[in-house]
Amino acid sequence: MKLRRGVLRAALALVLLPLLTPASAVEPISLGIAIAGAAASALTGIISYPRLYCYFRECCLHRHDRRAAAALRENLDKKLFGQHLVSKVVVKAVRGFLNNTNAKKPLALSLHGWTGTGKNFVSKIVAESIYKSGLQSKYVHQFVATLHFPHAHSINLYKDQLQSWIRGNVSICPRSIFIFDEMDKMHAGLIDSIKPFLDYYELLDGVSYRQAIFIFLSNAGAERITEVALDFWRNGRAREDIQLTDIQNALSVSVFNNKNSGFWHSTLIDRNLIDYFIPFLPLEYKHVKMCVRVEIESRGYTVDEDIVSRIADEMTYFPREERIYSDKGCKTVDAKLDYYYDF
């Protein structure tokens with residue numbers, strides 16, 4: 001950082017020198033040539049130094065891996081509520097992968113849970129931790145099943161297009177991130193077309209995919225996740241006592257056998273190419289209130305606890321008798337705030 005600032009100051013000083021030097025001090029043409037040459041030399045040095053070049057333009061592998069892992073942990077700790085398993089697993093998985101200089105395969109994470117529990121939010125945070133522009137980065141690619149793959153009769157065309165897109169982008173940037181949303185609406189068999197890219201190959205047609213990250217988002221398996229959470233609640237056990245081992249194996253089997261999961265009888269599961277099946281627990285009343293507070297603060301308003309409670313009370317909860325979990329998580333919080341605040 002000190003080197004970057006020093007070079008930048010030197011270049012700017014050379015550019016600003018004509019404005020600060022009296023005209024009679026030196027012969028203008030000689031001074032102009034000297035300044036132009038020195039400035040060009042300094043700027044060439046800046047551009048030729050990769051990390052400084054990336055100061056001005058987004059680059060592949062922009063952030064140092066340790067900085068990315070630290071940013072990921074900080075944002076999950078501050079902004080994600082009620083998902084102790086997610087925070088723990090995602091941080092460890094991503095940090096370990098980024099710090100592994102000899103990864104044997106790409107990182108593949110599959111996020112599962114009800115709508116509004118934070119799946120899209122976490123994928124966004126992962127992207128932002130690695131690339132400052134997050135989902136807007138040219139190295140982050142997001143696919144939505146109903147938007148990008150809407151027609152069952154075009155499945156073969158989609159497979160070819162998907163393979164070409166992944167191959168082309170990883171060729172440009174090894175640390176490309178691919179996010180597949182609405183996996184539960186994905187046509188069966190489509191996701192298997194990317195199996196070679198997730199496997200343990202050193203090179204495929206001269207391209208290595210071992211630094212890429214694949215994130216899959218799905219509602220499939222949410223019922224199984226809720227069953228585990230309810231069992232803990234009914235037995236008087238704390239939500240935070242739920243461990244990944246209590247859910248992950250049953251979740252992967254549930255997703256594999258679900259015809260509407262996008263992973264139905266998928267070779268990605270059969271060949272153990274998904275590194276982690278990450279369960280998003282259904283959110284409770286207290287978590288909804290946390291979401292409301294953060295959203296109010298993000299809009300620059302003072303938190304009014306009466307409004308926080310009223311919005312949380314307006315949400316619908318399940319099971320019908322116990323009313324423990326919000327059936328939409330925090331998904332509609334933003335819209336409800338518009339009713340109470342004149343933004």
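A Cβ is built for glycine as well, from the same backbone N, Cα and C atoms used for every other residue.
Cβ neighbour count for GLY118 (ATP binding site): 27 (other Cβ atoms within 10 Å of its Cβ, all protein chains included). Per TrEMBL, the feature ATP binding site maps to GLY113, TRP114, THR115, GLY116, THR117, GLY118, LYS119, ASN120.
Model confidence over the domain 'Torsin-1A C-terminal' (283-340) is summarised by a mean pLDDT of 93. According to TrEMBL, the domain 'Torsin-1A C-terminal' annotation covers 283-340.
Marked as signal peptide by TrEMBL: 1-25.
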> If one looks at the chain holding THR115 (ATP binding site), which residues at least 6 apart in sequence have a CB under 8 angstroms from its CB?
Replying inline: ASN219, LYS328, GLY329, LYS331
>> Radius 10 Å, atoms counted are CB only; among the binding-site residues THR117, ASN120, which position scores highest?
In response: THR117
>> Tell me which of the binding-site residues GLY113, GLY116 sits in the most Cβ-dense spot, judged by other Cβ atoms within 10 Å.
In response: GLY113
>> Other residues near the ATP site, CB within 8 A of the CB centroid of GLY113, TRP114, THR115, GLY116, THR117, GLY118, LYS119, ASN120?
In response: PHE121, ASN219, PHE280, GLY329, LYS331
